[in-house]
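Take a look at the structure set out below.
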Amino acid sequence: MKRMIALDGAQGEGGGQILRSALSLSMITGQPFTITSIRAGRAKPGLLRQHLTAVKAATEICGATVEGAELGSQRLLFRPGTVRGGDYRFAIGSAGSCTLVLQTVLPALWFADGPSRVEVSGGTDNPSAPPADFIRRVLEPLLAKIGIHQQTTLLRHGFYPAGGGVVATEVSPVASFNTLQLGERGNIVQMRGEVLLAGVPRHVAEREIATLAGSFSLHEQNIHNLPRDQGPGNTVSLEVESENITERFFVVGEKRVSAEVVAAQLVKEVKRYLASTAAVGEYLADQLVLPMALAGAGEFTVAHPSCHLLTNIAVVERFLPVRFSLIETDGVTRVSIE
């Protein structure tokens with residue numbers, strides 16, 4: 001019997017990332033775990049619908065035995081079974097992030113006995129989670145370089161706080177892993193601004209695009225009007241295509257916050273990314289830790305190692321026989337496997 005791994009959910013940033021990473025790694029390695037103080041660092045600690053959906057999805061995909069899988073629970077015991085490929089559908093029942101549920105179960109399906117399709121309904125444009133377009137346009141091309149083949153499709157938008165969106169991913173088992181090297185992003189090739197609107201006046205998008213264009217030379221400026229019943233909602237994105245990587249940054253509009261202020265938040269984030277030579281932004285760095293660890297080698301550079309990133313690395317090192325190295329030089333941190 002494999003040893004039980006004990007995790008403290010209050011570790012590091014004290015959010016849901018510890019639980020999501022632990023579920024992924026437990027399914028992959030077969031190691032059971034217990035976690036206490038789940039989301040202790042959040043205003044509403046314990047399992048919310050999004051986290052409970054991730055637990056139930058993991059349980060179904062590998063036939064796990066679970067204790068503590070209920071709303072508000074701050075303790076969970078998870079004993080994984082065998083990961084099975086197949087066609088899965090999960091509903092969050094709120095505007096909780098579809099992509100974070102997918103992030104939990106897809107790594108296990110890289111090791112399944114056949115191809116899979118996972119469909120999740122809930123929130124797609126959530127201020128605290130990467131949107132589907134980020135997964136599709138930024139993360140998945142990098143996963144393909146590592147040898148991981150999955151394809152995400154946004155079937156319907158669901159803005160926070162209403163939800164109602166649907167995201168699906170098709171994934172194949174990994175034949176072999178390759179090493180990812182992302183030391184520098186290289187010169188910028190082009191930048192693209194995009195605004196999504198649902199049940200929001202078009203002039204909001206025009207003002208947001210104008211704010212972006214006032215700070216950056218945009219190769220493309222796109223405004224997409226979605227059906228009113230998918231809103232109300234508004235998301236502003238800016239994609240930075242460089243020689244070695246494409247990064248994408250986003251901000252979700254809020255009620256009683258002007259279009260100019262919303263877009264200015266995005267401008268600030270992109271300028272911070274461009275101020276260094278680092279290849280990877282803060283959100284993407286979080287996503288690369290697990291696939292890189294599974295490959296057993298690789299590196300990337302990031303300007304600002306987040307608490308999320310450090311917490312994720314700590315959890316990965318509990319389950320896998322790898323050690324990460326973080327070396328800071330001239331404001332850029334090189335993250336690699338020793």
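Cβ from N, Cα, C; glycine included.
In the record from Swiss-Prot, residues Gln103, Pro130, Tyr283, Asp286, Gln287 bind ATP; the candidate from His149, His304, His308 listed for the same site is His308. Pairwise Cα distances among Gln103, Pro130, Tyr283, Asp286, Gln287, His308, which the record gives as the binders of ATP, peak at 14 Å. Comparing local CB density within 10 A for the binding-site residues Gln103, Gln287, the maximum falls on Gln103. Counting in whole angstrom, Pro130 (ATP binding site) lies 13 from His308 (active site, tele-AMP-histidine intermediate) by their C-alpha atoms. Each residue contributes its Cα atom, and for Gln287 (ATP binding site) and His308 (active site, tele-AMP-histidine intermediate) those atoms are 10 Å apart.
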